[in-house]
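Colleague: Pulled these features from TrEMBL for this protein:
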type	residues	note
TRANSMEM	82-102	transmembrane segment
TRANSMEM	114-134	transmembrane segment
TRANSMEM	141-160	transmembrane segment
TRANSMEM	172-191	transmembrane segment
TRANSMEM	198-215	transmembrane segment
TRANSMEM	221-240	transmembrane segment
TRANSMEM	252-270	transmembrane segment
TRANSMEM	393-419	transmembrane segment
TRANSMEM	431-454	transmembrane segment
TRANSMEM	474-492	transmembrane segment
Amino acid sequence: MDKNSSPSPTSHFLKEVTEQISYKPLRPSIRQELESHIQDRMEDYESQGLSPKEAEAQALRCMGDAAAIGTRLNEVHKLQKAPLLTAATALLLLTGLAFAIFMQWRPVQIGNRFIYYIMGVALLILVALHGYPLLIRYRKILVLSVCPLYLAARAGIFLLSEYHGYVIGNSTIAYCAILLSAPVITVILYCSRLHKRQFLITASLCAGIWMLLVYTSCLQLYDTVPIMSLLSMLATLCYMARNSVFSGKRHAPCIGFLAGLVLIGSPVLLTGTGRNNAAAFLSPQSAVHSTWDDTYNGILIQELLSKTPLTHGLELSAEKMMEYGSGAWYFESRDFRQVGLDITGTRTVRRQLELHEVSNALWEQGYMPRYLQYHAGNVTLWDILPIHYYNNYIIAVAILLFGWIPGLFLVGGIGLFYLILFSCIGRIRGLLASSLGFCCSQCLLWQGVFYVLGNFGYQYGQFPNMPLLSEGRLSIMLNLLLLGLIFSAYRFDHVTEEPVNYTPVPSP
């Protein structure tokens, strides 16, 4: 066409329509779809005897006003915002940072936490703005690079800890990798769902890689995370079957997924550690042997919570706090070997040597001393709480400090966050987007469930992190990555095609 010639009425119409579309990458596909529709109508009118120009004019008249069409299309195909979820996320993050400052952390620790919060929020924003489209475009590269990235991360952490003294244990990497495996497997299974044989092979490979990852990744330290990963995958696969992502009847895939996950997860529960964790979770008192046990921490928290009033914090005498601090309140009538050992005033070398000899003598005699760095004159609530109360027991500490009603407001705020999260996921229409968002939300949910149960004395295995509220250096990056994927899937749901058989439309 001559560049000096005026544009055709159809081109002018399509330009006016696409100018109303706010998400520019979507304009070419909408233009192509409308142009095809106009061409079909023109062919119909030409077959009725109209000339090409008359057929074009008639087709455009039947289409209606270009600006109105574009506005309606923009309402359907536009980036979505989640202001409520954004506000809830910001509120929980600020609450977690406020607790870290309030619980008498040192300035260095607060600064370290603040740096990782900034990095995590930056990752959240980056993934929310670009994550889902990049996932669709580079999904094959992502699948092939998962294992090399994990091995590279473990090697990098080893080098940092070995040569620079920067310690992040392999167990922390394993925690993140096992939990992140659930959304990765979700994407892999979705992309192979249309071919039954390929799907079965892919599912078997994913199960094998997951088991290799779990049983070679410090399972004895983080034996809670495989359970959370399995629960997340089971819930997600049943959700995908309910949404008819897989071919066949809805209940058949659910039964198969349940059987498969029980098969690969049974060693987690059948090992000695797994059985002990289950027994300690169901009956904490039966698993208490000393003041060093996690189950003792759960029993102590339950005892303190039972004495906390509704409207104000726990008030105890110094003598009572010393009983709780030494463990005498529980073991005095149960096990005489559990004793408290005063180690205050150990600044001199002579005093340290004396206490060392006393401690060794007690251990040799079968006693299990609990070291007390305080006495009745200066004991506080912080002294008698479990050692990692500032991370593991934020909810319980809030109740102990302010009473049950304010503490339950915090629990309600956490529940409201998850309610808003799942309401956003429920509005996602795309099959992959909704499946990915649901899986990420399950990973966040089960961490919260196990964390809340632990705060009321029912701890399974090692404590997980509470997303956004109680985080570690790497876990905050992991959880904000998961949350960013949910934001991104929701944001691009109305403007991004499903990846199967999708080919981008080039700009004209």
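Glycine too: its Cβ is placed from the backbone N, Cα and C atoms.
Automated prediction, rather than curation, is the source of TrEMBL annotations.
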Colleague: Are there 3 or more C-beta pairs under 8 Å linking the transmembrane segment (114-134) with the transmembrane segment (393-419), counting only pairs at least 6 apart in sequence?
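Modeller: Counting Cβ pairs under 8 Å, fewer than 3, so no.
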Colleague: Would you say the transmembrane segment (221-240) and the transmembrane segment (82-102) are in contact under the rule of three or more C-beta pairs closer than 8 Å, pairs 6 or more apart in sequence?
Modeller: no
Colleague: Restricting to the same chain and to residues at least six past its boundaries, which positions have a Cβ under 8 Å from a Cβ of the transmembrane segment (431-454)?
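Modeller: Long-range Cβ neighbours of the transmembrane segment (431-454): 132, 135-136, 179-180, 182-183, 186-187, 190, 224, 227-229, 231-233, 235-236, 239-240, 243, 245, 298, 392-393, 395, 411, 414, 418, 421-422, 424-425, 460, 463-467, 470, 479, 482-483, 485-486, 489-490, 492-493, 496, 498-499.
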